[in-house]
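Undergrad: Here it is, the structure in full.
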Amino acid sequence: MDQHPPTSIPIEATMSAVLVTSLAILVGMHFMQLPSSSPPRGASSAHHLPPTRVDDDTDDGGRERSSVSFVGGMPLLLPDPITEPSKYCHESFAWHYTCVWMTLFGYVVISGCYEDFTAWGYLGVCGGLALPLLLQPMLYPQAVSTYVNGIHIVNPDIRRPYHRRYSTRANLYLLTYSFIGNYWYTHYFYSVLRAKYTMPSHRLNDVPIAMFLATHFYFSTYHACVGNGVLRYVDRTYVDGWRRRLLFWFTVLFMSYFTAFMETLTISSFPYYSFEDRTIAYVWGSAFYGIYFIVSFPGFYYLDSHVDDGEIDKTEPQPCKGPITLMDTFITACGHGMLILTLLDFVRLYLGIPLVIGGVAFAVTS
């Protein structure tokens with residue numbers, strides 16, 4: 001009697017099954033929620049407002065708007081453009097720029113033109129794609145020029161000094177977080193997953209500097225677009241209580257692992273970032289990477305949540321409740337970074353793998 005060896009299931013199929021199951025649980029949890037009695041504030045529902053401009057003195061007496069998906073069928077919600085114009089404009093800019101950097105970055109990967117890149121080439125591409133996000137608060141504080149059903153959305157950042165702009169603080173948070181992640185967390189991937197970068201690069205602490213820059217535009221999309229949009233939908237669509245809190249944190253966990261797995265899967269086609277064991281990379285690598293977002297998704301969502309308090313229908317910006325300074329933002333990002341580092345080390349200790357950090361302050365590899 002012939003005995004056939006058991007057919008091994010590809011790790012991609014296994015992980016896809018896990019994610020689909022998690023998604024089904026997430027959808028089920030949505031059906032368990034109690035809808036909010038008053039429609040939540042949301043950008044996509046501005047059609048409930050009369051077609052007047054923001055700078056008009058008239059007011060309809062109530063600013064309640066219903067929650068409608070920002071992307072058809074997807075539970076994403078932009079900030080309220082009337083009561084949260086700073087965040088609305090920043091996240092709208094991030095959505096628009098995401099289309100730009102993904103198109104350009106996708107061309108580089110699909111065309112294979114990176115094969116001809118030197119260390120300066122990688123630095124130029126990643127730095128060039130990060131630059132618009134970094135310069136936007138300084139050169140274009142309005143972020144987007146838009147009307148919502150005839151209402152001109154004015155970004156209060158245009159009246160604020162550079163250091164008080166929401167977009168400045170959002171960039172500082174992600175820059176700090178990205179630096180900590182690349183400088184420290186990358187070595188956990190080196191030690192635990194035996195990952196390595198082999199492309200020509202300028203390196204800081206044995207990490208390609210181009211990756212510090214690439215992380216900024218990646219994380220801007222992950223946090224300002226997807227993370228904030230999904231968490232806001234959950235936060236404002238349902239009645240507060242244990243059901244919503246459970247859904248909120250399960251959503252954080254799902255988004256964290258999904259984001260990490262998809263990036264690990266897509267980067268696997270890049271030949272100059274390799275793992276010793278692809279299965280371990282997908283399973284443990286995604287879990288490792290997902291730890292970043294378990295902390296940063298809610299952290300960034302709640303960052304500067306009162307930025308526009310006192311700004312509505314004012315010709316001069318007023319101090320917001322609990323003003324957030326650049327130092328506050330920096331310390332918050334550092335605190336979140338330390339929490340992530342501790343969680344990563346707990347996982348490393350559980351696996352019983354030593355952490356080895358090598359490299360020099362600066363080096364150029366070819």
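Glycine is treated like the rest: Cβ placed from N, Cα and C.
Residues or ranges marked as transmembrane segment by TrEMBL: 13-32, 93-111, 117-135, 170-190, 210-234, 246-270, 282-303, 349-365. According to TrEMBL, the feature region 'Disordered' maps to 37-68.
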Undergrad: Hey, does the transmembrane segment (210-234) touch the transmembrane segment (117-135), meaning at least 3 C-beta pairs closer than 8 angstroms, sequence gap 6 or more?
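TA: Touching, yes - the transmembrane segment (117-135) and the transmembrane segment (210-234) meet the threshold of 3 or more Cβ pairs under 8 Å.
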Undergrad: Give the one range among 210-234, 246-270, 349-365 whose Cβ atoms make the most pairs under 8 Å with those of the transmembrane segment (93-111).
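TA: Checked against 210-234, 246-270, 349-365; highest Cβ contact count belongs to 210-234.
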Undergrad: What residues elsewhere in the chain lie close to the transmembrane segment (210-234), defined as a C-beta under 8 angstroms and at least 6 residues from its ends?
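TA: Beyond its ends, the transmembrane segment (210-234) has Cβ neighbours at 42, 67, 69-70, 75-79, 87, 90-91, 94-95, 97-98, 101-102, 122-123, 125-127, 129-130, 133-134, 170-171, 174-175, 177-179, 181-183, 186, 197, 201-202, 204, 244, 247-248, 251-252, 255, 259, 263, 293, 296-298, 300-301.
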Undergrad: Grab the same-chain neighbours of the transmembrane segment (13-32) for me: Cβ-Cβ under 8 Å, and only residues 6 or more beyond its ends, written as numbers and ranges.
TA: 75, 243, 246-247, 250-251, 254, 257-258, 261, 282-283, 286
Undergrad: Do any residues, 6 or more residues outside the transmembrane segment (170-190), come within under 8 Å Cβ-to-Cβ of it, and if so which ones?
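TA: Distant Cβ neighbours of the transmembrane segment (170-190) are 90, 133-134, 136-137, 196, 204-207, 211-212, 215-216, 219-220, 223-224, 285, 288, 292, 296, 300, 303-304, 326, 329-330, 332-334, 336-337, 340-341, 344-345, 348, 355-357.
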